Amino acid sequence: MHIAVVGLSHRTAPVEIRERLSIPEQTMETSLQSLRGHEQVLEASILSTCNRLEIYTLVRHPDLGVSAVSEFLSGHSGLATGELTPHLFNYHHEDAVDHLMRVAAGLDSLVLGEGQILSQVKKMMRLGQEHKSLGPILNRLLTQAVSTGKRVRSETNLGTGAVSISSAAVELAQLKLGQSRGLDQLVTLESEQIAVVGAGRMSRLLLQHLQAKGASGVVLLNRTVQRAELLAADFPDLPVQCRPLTDLDQCLSTCSLVFTSTAADDPIIDAARLEPLNRRSKLRLIDIGVPRNIAADAAAVDGVESHDVDDLQEVVARNQEARQAMAREAEQLLQQEAQQFLEWWDSLEAVPTINRLRSSMETIRVEELQKALSRMGPDFSARERKVVEALSKGIINKILHTPVTSLRAPQGRQERQQALRTVERLFSLGDD
């Protein structure tokens, strides 16, 4: 058995490719079932975010398993394998474990050290458990990854400061506004008329950062106004006007800055929608949805400046050096967590031998116990029989404790295999 991950991210694929591979939660069960239906895939889990799509698997054969996942991604996206492959990465075993630890810690994120990715890894594990696509190996790996992410944020400086895709989007708006005034710096958003489209987790983070950066008010649009109102209620100090999505055209006519973050499968803003507005002032659109909420042709409309998640690199580069120094603090911790999982994985090699050893000892125990009890005669009470049986079990457990602990202990693969062969020879443990 082998652990493998196949995926793509902001590092390997542009947003127009990533959006075609995005797997929303409502189709996650079907996708996991499809993967598990392949004879090569024993366990599977999917991480799908705006910046990455990664599929973690336990497979029978690494190359055949990776091919199975690649074929699934090709079918899901509608992209030919030859078109998709240049954007994919794959890692096996130790490299796959190391990669997941880095992802959970935020070290592989566009915004280095971002906190939201840990919640997304937790969600990946929860969905895998709910849809029964996880087994003991990936369940243990994901549990270790979540532990790693928590430790990095609590034990290193990388956990300081709120960083996320949403915070970078707000900073991008500040930067572009400053540049329009001839300034290479972030400026306040106090005078901007701002709209946020969508009322999910990303929109919540947008409202938090807009409030922190001086926004004087926000129009919050959503298909369901009630959901927008529930979100707005959590921001009593920020004037939020909740409106239905049918008011989007009006907001595009009056607002100067619009953020989009919806789960729509297709763009909700495009050139055809913007051109009739005949705006006289600049409209800045910032889209952090994947799939994209704003069509690529929107940027061609006069007076419109459109950005997507790939444009956040400009903001990220401004403070990346400082966060890189913080990230180095986390490297040793990541190595410890990865090694802990790999030692557990290696110890599984001893399980069949340990089980055969226990079975052999249990057979001997039962046979000898029956001989002893038959000699005791009918006067031997049921209580006394239980005491003797407990005694026999205790003796066996004491005898087995040291060899079993030794077989499970961290050690090199060659040393473990030699120890297994020694135990099997000494106790005559055959595969039968």
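Placement of Cβ uses the backbone N, Cα and C atoms for every residue, glycine included.
Under the heading active site, nucleophile, Swiss-Prot lists C50. Sequence annotations record features per position, and here Swiss-Prot assigns substrate binding site to T49, C50, N51, R52, S109, E114, G115, Q116, Q120. Here Swiss-Prot flags G198, A199, G200, R201, M202, S203 as NADP(+) binding site, drawing on sequence analysis. Swiss-Prot lists H99 with the feature site 'Important for activity'.
A C-beta separation below 8 Å, combined with a sequence spacing of at least six in one chain, links S203 (NADP(+) binding site) to V196, V197, L220, L231, F259, S261. Between the listed recorded positions, namely H99, R201, the fewest other CB atoms within 10 angstroms of a CB are found at R201. You'll find the Cα of Q120 (substrate binding site) roughly 11 Å from the Cα of R201 (NADP(+) binding site).
Of all the binding-site residues listed here (T49, A199, G200), T49 has the Cα closest to the Cα of H99 (site 'Important for activity'). For the residue listed as 'active site, nucleophile', the nearest neighbour among the listed binding-site residues (G198, A199, R201), judged by C-alpha distance, is R201. With the fewest other Cβ atoms inside 10 Å of its Cβ, the least crowded of the binding-site residues T49, N51, S109, Q120 in this structure is Q120. Listed binding-site residues: G115, G198. The one with the lowest count of other Cβ atoms within 10 Å of its Cβ is G115. In the three-state DSSP reading, A199 (NADP(+) binding site) counts as coil.
Comparing C-alpha positions, G200 (NADP(+) binding site) sits nearest to T49 among the binding-site residues T49, N51, S109, G115. Listed in sequence order, L220, N222, T224, R227, A228, L230, L231 are the same-chain residues six or more apart from A199 (NADP(+) binding site) with CB atoms under 8 A from its CB. Neighbours of G200 (NADP(+) binding site), defined as other CB atoms within 10 A of its CB across all chains, total 15.
Same-chain neighbours of the substrate site beyond T49, C50, N51, R52, S109, E114, G115, Q116, Q120, judged by a C-beta within 8 angstroms of the site's C-beta center, are, in sequence order, G106, L110, V111, I117, S164, I165.
Taking the Cβ of M202 (NADP(+) binding site) as reference, residues of its chain lying under 8 Å away and at least six apart in sequence are, in sequence order, C50, I165, S166, S261, I288, G289.
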